[in-house]
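Below is one structure, written out as structure tokens, with a few remarks after it.
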Amino acid sequence: MADSEEPSRLRRSNTSGTTSRPHSPGLTRLVSRTHLDDHAAHHGHGYHDHNHDRADEESTDDTDVADEKDEDEAAGGLKQESSTDIEPEVRDGIEDQRDIEAGPKLQKEKSSRSRRSLRDANLVGWEGPDDPKNPKNWSIRRKWAATLVVSSFTFISPVSSSMVAPALGAISKEFNITNEVEQSLILSIFVLAYAVGPLFLGPLSEMYGRTIVLQGANLLYLFFNLGCGLAQTKGQMIAFRFLAGLGGSAPLAIGGGVLSDLFTAEQRGKAVSIYSLAPLLGPAIGPIAGGFVTENTTWRWVFYATTIADGFIQVIGLFYLQETYPPVLLHRKKQALIKETGNEALHTEYDHPDRTVMKALSISFGRPFKLLGTQVIVQVLALYMAYLYGLMYLVLSTFPTLWETEYHESIGIGGLNYISLGVGFFIGTQVCAPLQDRIYRALKKRNNGVGKPEFRVPLMIPGALLVPIGLFWYGWSAQAHTHWILPNIGAAIFAAGVITGFQCIQTYIVDSYTRYAASAVGAATVLRSLAGFGFPLFAPLKLRLVFFLAFQNHTSHLNQTHHSHPPSKPTRPISKYLTHQIQATKMSDETTPPDPHSLIPAFKFERILNQDQAGRRIILHGTLHTHPALLILERAPFPTSTSYLASLPATLSTLRNLGANDVYFWYLASSPSASASPASSSSANAGELSDLKINLIYPCTGQHVAKYSPQGVRMVTETAQVYREKVRPYMEEKREGGRLNWVYNIIEGKTEVEDVIFRTPLQATPNNEGFLLLPDLNWDRKTMNSLHLLGLVERRDLWSLRDLRKRHVGWLKLMRGRLVDAAVGCYGGVEEDQLKLYVHYQPTYYHFHIHVVHVAFEAGASQATGKAIGLESIIATLEAMEGVRKRGWRVWTCVIRWERRVSCGLVYLNLLRRRVVKFLNCNDEIIYPCTGWTVCPLPTISNAVYLLVQPHSAGFRYSGICATTDAVPQHPHAKASIIARRAFV
């Protein structure tokens, strides 16, 4: 039908009497909204009562209604709503306030309501157009305070929805979740609640007020989010996440209604832009915070942190967020007047004499479904919003795989890439918010001063274009494994398009359904939340399929290229990718290794993958010709030529002093090869370039020489008698000779004072504490996996394990607790269950001490069986001893690991020599036929003592000690005359 032939009642007229453009057919809202409220049954089509209006107004309205009925019958009973049937903004009873979304008919309705309010003395309304109690008349500061509180509620809830993403691995490990769908369910079940909550929270806010529902639902979110942090099973976690999501969905459903109550259409664009930013910025910021929280604490603090933040916002909301819904405010005003005057006939224009609670609830709860089922524009915009929201969560679900698996970044660093989404959201908001209001005002001016909700839509066009552009950029750059900034740029472009579409849709819905904005926004939130819930669930399957198809396609192309000539003009960047793959394939087929000068210098370092605790071997991860590669570096052994070793001390450079104590000195230095490096000229890099750690003992003794010489190792038995008669006197002799001066220097605070990280002085503490804790000099003080601390005691009555008694159990437990707490408190990267405490049975110095090491510390000879005994085992053994408290390790027989380098090892040599003589002088002599005996002299005991070993397929069958060379077999068929039956003990 031509515009000139279209009935005038389907046109929107402006206040000047001219006719504007007909309403766009693509944005026509079907079915009049009289079915959305039960007011029509009492007040007619609008909120005024036709029985109190003048006859000419009744005639006009009746004519319109009759025309509508005729048209409905012609269309098969379907009511088509004209553009003049938009519900007015809630400023009822104000004669001079014009609703910009409506034409002359709405102005006539407001005028009739105003005249009725003058005739009805019992009608409670606003006190004129400037009533300060009307939310639209609040001060700008008060409006924006409420807006920011609602936006904060809307922000913290989506933060919780995605902040758990980096912690999914830890949660799955603790709850034994192996299924990928179940892992994704922990993340997305929260968003599923967003689809359920708005269906009843939005209508509840239109019955009982925005604030009480918003605050109450937030308390629900707060408590159940805390419950997620306290969950002990998988079922509890999923249930608490869903219930927390129900409470967290309230601001998403009610926030739009609050803004509709506060701002006029001309002011609403900027407020809605800020509000729309929150639910999109939250999922982008959540993984950033969640990554660092998970990496540095435990996954439970992901929930504790958001609970604390939400509690803070809740307290602020109690002071700055007040009721904004006009029907509730007028109802409260009516109740106050009834209490003051006793007039029970007072009423508001929203009251219904036949309304019951159940009827009101049924109508309110059914309104979102009616909007979603009957309003075409709500359906279309809700589907597009769901599409955008689902895409956003789909992109979020790919971030951990991309940055941690493909780009090999840590959880914390990988989480920083979510900043790109936040940047896109922020830029999109800053551009869209002012432009939206500016476009609205320009189109309104062009339309003779009459505003329309459709004036919010134009910015959706550039937003809709940015979404596929950003997605293509993100996907292409990630698949090609380009520099990390390129996928982030694509994600930012995508985010800008998403936020632009969101803001346009939100403001359009709020402007179109001002009074029922909460229900309308809630209806749209249902679909978008279902998409946010569902997309991540099929993301793992979808990504796996995509990667499989890409691999198959790449393999087929590679095989074709390998067996045929490559295309003359390949497309890029696939040609570049295939070129590298062809080179790699040819490289693998060649027998000769590739030129190292073409590979090693091209390696681009990204991060350290692993390093041994001695610092001799390091594994680097990076790229080589844009492909992932590992570079494993290991220090070569020292040259053993006499000339090199003789000149080495004089050629060392960049010597740096690390400390000294008694005859021990420690330095860092650079070997000649390292000092020749061009980079070594900078003094700032001297510490990093030092490749030698030097320990100088000056002046040294024979014991030092023996300690650092090649050692033989045996397992020997030390009885209590041997300890009492031989070992203890030897230790006394060495202590009195000054062997422990360097230990006493530390205890007395003369040396290494700056290294002590914990101390409880002996005289200033009860229970004879006097504990010290300091790093072992062999630890680099950076690598937590090789953590090595030394716990000393000030008391000098305990020399070794042999001096511990049952009465020392409490003291040992106290020391254990003090040392563990100090280590965990000083080094944040280690936890209590990652520490191992042990004691050397026969220490190299005779003063009781405890070693505190990381469980991952590579156990060498210092932790060998028979040498190191766990502190827990010592305590348990003492507790299990029967008898008085004086019983202890002194009465036990110990099998220990003996090394010649241990000073008191000479005692054991003498014991062994006398034991051999004892064996030879007794009747414990056996003559064996000898075949293939190996003779090993033991000159450290006596030149006349030999070790005899007979080889066997399983090792060695017999071993013994003979005292004379006569016992050595001289011929394979000879017989040994004297061989001890007993072996080393």
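Every residue, even glycine, has its Cβ placed from backbone N, Cα and C.
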(request) Out of 144-165, 892-913, let me know the one TrEMBL marks transmembrane segment. (result) 144-165
(request) Take a look at 144-165, 271-289, 376-396, 416-436, 457-476 and tell me which one has the most Cβ pairs under 8 Å to the transmembrane segment (238-259). (result) 144-165
(request) Could you name the stretch, out of 144-165, 185-205, 212-232, 416-436, with the greatest number of CB pairs under 8 A to the transmembrane segment (271-289)? (result) 144-165
(request) Compute the average pLDDT of the predicted model within the domain 'Major facilitator superfamily (MFS) profile' (146-569). (result) 80
